[in-house]
């Protein structure tokens, strides 16, 4: 029949033990009904459920009746409906109630904010901006944010919302690229293991700050050596470019502050010389291990019911850090010398803007901060209601992430500027990267400049813990959602499964509590959580916009949101983002140097090999699955369908699936040229 597509639907009623073929879309079904053979009596039903008149002729009204929309799709009493569709349809259960949704739009927004606004905003962004041109660093960052960050943020949250699937199963849209989802889940698991170690450090510092004096204020005999000086006292002469004290400058010949030695010798108890022998991790520190255990227990209780529990926790964990950051900013900018820190942070050094290294660092920070290509955004989007205006949410959260980075940078460097002013030393010699900024430079600044340092220290490290907690939720939920979507029956055992995953991650994280633990932490961070994400992002863009197709994806967005992506978004997805990331990746490989801990300690060859192995465990899944699926298609004779979506790909919402099927099965609009609102009533559909 003209205008009808090859779509079939079966509606099963278990109570009536009936499963029959119906018209694909009953609201627009004009199929000619044939009378039941041998039917001459009145009221006998034909094969389509319509009755014949007593004289054997079809009753026109019943024959051409157009039912109420979705009437034939009503589920049985148990609420379960089974639909089999072809093309972009869905096979299997269409109910999505067991999977769950966010309790409110605020839970989704706060969870995304908690994921994107993390520890990296506090220590990584400020230092990178300071080290790479100050305000000049902001220009590459903003450009990359607009051309890559925001488009990918929208892409991932919208993809999850459309499919109602996590990052592992969402690649039904392009099964040959299934390895991208596997890589995301493995990367999230690796990151969750070492990220919680970071949270254990914050708990250790927070508990230590509850003493009558912050523990790093003075050199203590149990962890300090002869090279230690008190942070409340003098500075080393080397910072003044002196070899000894002078009448004008009173300095010390000791070179490590009590804050530095407390971190290295009191918390980490780091073995000198790095990782020397394979399998030798040193002595396990049980106080640090207990902090790690406590952190995992807190994570477990927050996510044990999935988004039903974590969605409530984020009301606090996503908002509390802003209170502390704003308080630190207000206190910091009012201190004498704060302007020095802000000037060094924000005054542009334009000579550095043309350096490819600055653009590379801006791209790395953007991925690290927004958390794109880790799978968490797809997972969060999958718990949205289907018609949620996710494109607006994506714009709000990605913009707020950048604003938060600026607030955190201003708060931290205003305090460092005040400390620089007090001791008369260039702030460039005080800033530190990574954990050094969070656990050395800033704690030292708190003890030197802020009143009641114990209070501010507790608040600062509690803020750091809550920032990490939100990100940890996303990383673990990404792994758990992959399990739930792959094995739906596992949702009945969420408590047990969550407990097993948390326990396993805790056990795998114990080596990082050893005396060589920081070397292990840094190795995983470089290879497991850093190198792979850029490649995953490249293949993610290729899979969605080249294999599945940018036109299909844009049509999906239009159907879901009523919003058609502009040419700007399409060009960014198809060309600008992948090309820019490929160039950055090539540059990274060309200029690659094996990592060194603290820029001084080399890793042994077997340590570097382990690092590349960690990267291969995640990224290596992409070519592996491509080869496996290609071989499978070749063997089964379906190689021509290698780049087609799977038969069960489509909207994750059952009602949306039926609506899309109805849209695909309608008559062409040319039917309305006869001026009849309901084409089924036009006389040429009546038997003559």
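Cβ coordinates come from backbone N, Cα and C, glycine included.
As annotated in TrEMBL, transmembrane segment covers the listed stretch 108-129 rather than the other ranges in 64-85, 86-107, 108-129. Residue pair residue 114 (Na(+) binding site) / residue 219 (disulfide bond) shows a Cα separation of 36 Å. Within 8 Å of the centroid defined by the CB atoms of 114, 117, 121, 369, 467, 470, 471, the record's Na(+) site, lie the Cβ atoms of 113, 115, 116, 118, 119, 120, 321, 401, 404, 468, excluding the listed residues themselves. Long-range neighbours of the transmembrane segment (313-333) within the same chain, counting only residues 6 or more positions beyond its ends whose Cβ lies under 8 Å from a Cβ of the stretch, are 106-107, 110-111, 113-114, 117, 302, 342, 404, 407-408, 410-412, 414-415, 418, 450, 456, 459-460, 462-463, 466-467, 469-470, 473. Against the transmembrane segment (108-129), the recorded stretches 135-155, 176-195, 395-419, 610-631 differ in Cβ pairs under 8 Å, and the greatest number is found for 395-419. Less than 8 angstroms from the CB of residue 228 (disulfide bond) sit 219, 254, 256, 257, 258, 261, each of them six or more residues away in the same chain.
Here the listed stretches are 176-195, 366-383, 458-483, 495-521, 527-548, and the one with the most C-beta pairs under 8 angstroms to the transmembrane segment (135-155) is 366-383. Sequence-distant neighbours of residue 467 (Na(+) binding site): residues of the same chain at least 6 apart with a C-beta under 8 Å from its C-beta are 114, 117, 118, 119, 121, 122, 317, 321.
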